[in-house]
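**Student:** Below is the structure I would like to discuss, written out as structure tokens.
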Amino acid sequence: MTVVDLGNGSQVLHTPRFISYQDSCQFFDYLNQNIPWTRPTIRVFAKSHVQPRDTCYVAIEGLTQLVYSGYQPHAYTWNDFSPLKDILDLVLKAIPGSSFNSLLLNRYKGGNDYVGWHADDEKLYGQTPQIASVSFGGERDFLLKKKPSKVVQYEPARNNEGGPPNKRSKKVNHGDQHSFLLKHGSLLVMSGFTQRDWVHSVPKRVKADSVRINLTFRLIL
Ligand SMILES: O=C(O)CCC(=O)C(=O)O
Ligand SMILES: [Fe+2]
């Protein structure tokens, strides 16, 4: 297990061999065949497009309010897919004090499927959400980069001798980036202020041709 301290109260924990190879193969086959995968049309920046990966949403009864990109997925329950409860139990055991009540599943059918830069910073997850991500199947890179922060820049006054400097606000990226290769049966946990201060993505990889399934366990407050 590796812990990466991102600074300012954000952490990532990575366990490449979290679930055994054999068990991971069984989970992968089960999920690939039994989850009712859909590829919804979502709205991003006022444009509709088909989400570039398959998805499914699972939550405890009563938690159906997840909405993202103008799309409200149907909420299945853990009882619909009992192996999900086994994976959840493994995650809960691995992270002392953790608690999760919802799960977003993603299936990347090949290297053209991806998730773009985003943070899971919806209000319903609270200020410091802990998100546990379990991956099966094809390996893909998971990238994290610092959100640009606004800084005030003072420009030297032009044609304005002796006057106040011109203030200009500029977005500055501090260049911090981290990359994790998410293997079959791996666990990655984002904690603290990671969703507030960082964005993450799984970029396209033209050469990746195998199917990858990812589960992100979350706690809706
Ligand atoms: O597939 C992954 O590893 C990440 C998925 C993700 O970021 C999300 O569902 O919010
Ligand atoms: Fe995410």
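Every residue gets a Cβ built from N, Cα and C, even glycine.
In TrEMBL, annotation is done automatically, which means it is predicted and not curated.
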**Student:** Write down the one residue from His74, His200 that TrEMBL lists together with Asn106, Tyr108, His118, Arg212, Thr216, Arg218 as binding 2-oxoglutarate.
**Tutor:** His200
**Student:** Compute the average pLDDT of the predicted model within the domain 'Fe2OG dioxygenase' (99-221).
**Tutor:** 88
**Student:** Where Lys47 (substrate binding site) and Arg212 (2-oxoglutarate binding site) are concerned, what is their Cα separation in Å, rounded?
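**Tutor:** Cα to Cα, Lys47 (substrate binding site) and Arg212 (2-oxoglutarate binding site) are separated by 27 Å.
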**Student:** Enumerate same-chain residues with a sequence separation of six or more from Ala46 (substrate binding site) and a Cβ-Cβ distance below 8 A; give 'none' if the list is empty.
**Tutor:** none
**Student:** If one measures from the C-alpha of His118 (2-oxoglutarate binding site) to the C-alpha of Phe45 (substrate binding site), what distance in angstrom results, rounded to a whole number?
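**Tutor:** Per the Cα atoms, His118 (2-oxoglutarate binding site) and Phe45 (substrate binding site) stand 13 Å apart.
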**Student:** Among the binding-site residues Ala46, Asn106, Asp121, Arg212, Thr216, which have a Cβ atom lying under 6 Å from any atom of ligand 1?
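**Tutor:** Only Asn106, Thr216 meet the Cβ criterion.
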